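Marked as transmembrane segment by TrEMBL: 6-28, 40-64, 84-105, 125-147, 179-198, 218-237, 243-269.
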Amino acid sequence: MGCMIALPEYIFLILLWIATLLSIFVIFKRRSLTTFIKESPTLTFIFGFTAILGLNQVIGFTWWTLLITHALPTVPLTGNTIVVVNILSISIQAYYDTFTIVLLLQRIAVLSDPTRTWRTLNQFLYITGLMVPTLLLIYFLVIYLPLLSAESNPLPEGCCALICSKPLTIRRTIMNARVTLSLTNVLLGTVFIILFLIRKKPLNTNTTKINQLTRFLFFGRLILEVIPLAVDSAFIMVTGITIGYYIGAFGAIGCSIEEFLFIFVYYFVFKPKKHVVPRLTRESDTKAG
């Protein structure tokens, strides 16, 4: 990927993640965090990991920008640092992806039997949702840290993304895990959409809103991540070169836009309605007086 292509994209991503963090701040400025945790622990996890990921991404894309503009020297220390930051970024993304899977499984369970509380299932999903990405994080650090050296720069000449770094050219495990989580989200999302369409019984207002948010999550992931990934895979099979070589970090852009829009859609779906007090007419005012 050409660094001149990457530079404006990274600047855009920095601004997008800052906007995402500000959106989260606005939401919790208007809504009690304690109430939010009590009413929707799953969304609490998703929002929490989105905020952590946002901070990491701002640091990571800023670091890349400084490297590309030569504000930071391209030496082993700076190269190793950005590789570790990016590995942590994908690991945090795994927490987000896992809890969107948890959300989809919960919605599928509710649609299949709305009368049950599913408390045991929820507890199992929360434990699993924390344990799986934690194990992935440990595994990624174990396999990738030994590939870094204090004597050599992991970024070849002209490399401006994690995908072309030396550790990723040796082992693509972390990218394969990322793809697997995205595909799992889409497969479960398909099941959710089918159940949602065939179910005719009305649901309460809060459940309806969460279902709206979940539908957006499915279509956002499908359009912004999985379809571009499928097109890129087909392009690689034909040409042997990724589309990213020509258009830059389309994967990072797709993921970032999807997560920003998820927060944005949540704000409008769950935005409290204003109660408008009807204004009295002059005749009514006279009678009341």
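Glycine is treated like the rest: Cβ placed from N, Cα and C.
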(request) Given the cut-off of 8 Å on Cβ pairs that are 6 or more apart in sequence, determine whether the transmembrane segment (179-198) and the transmembrane segment (84-105) share at least 3 such pairs. (result) yes
(message) At a Cβ cut-off of 8 Å, and with pairs 6 or more apart in sequence only, do we get at least 3 pairs between the transmembrane segment (243-269) and the transmembrane segment (125-147), yes or no?
(response) no
(request) Please give the sequence-distant neighbours of the transmembrane segment (6-28): residues at least 6 beyond its ends with Cβ less than 8 Å from one of its Cβ atoms. (result) 36, 47, 50-51, 54-55, 57-58, 61-62, 64-65, 68-69, 160-161, 248-249, 252-253, 256-257, 259-260, 263-264, 266-267
(request) Quickly jot the same-chain residues contacting the transmembrane segment (218-237) by Cβ under 8 Å, restricted to those at least six beyond its ends, or write none. (result) 100, 104, 179, 182-183, 185-186, 189-190, 192-193, 243-244, 250-251, 254-255, 257-258, 261-262
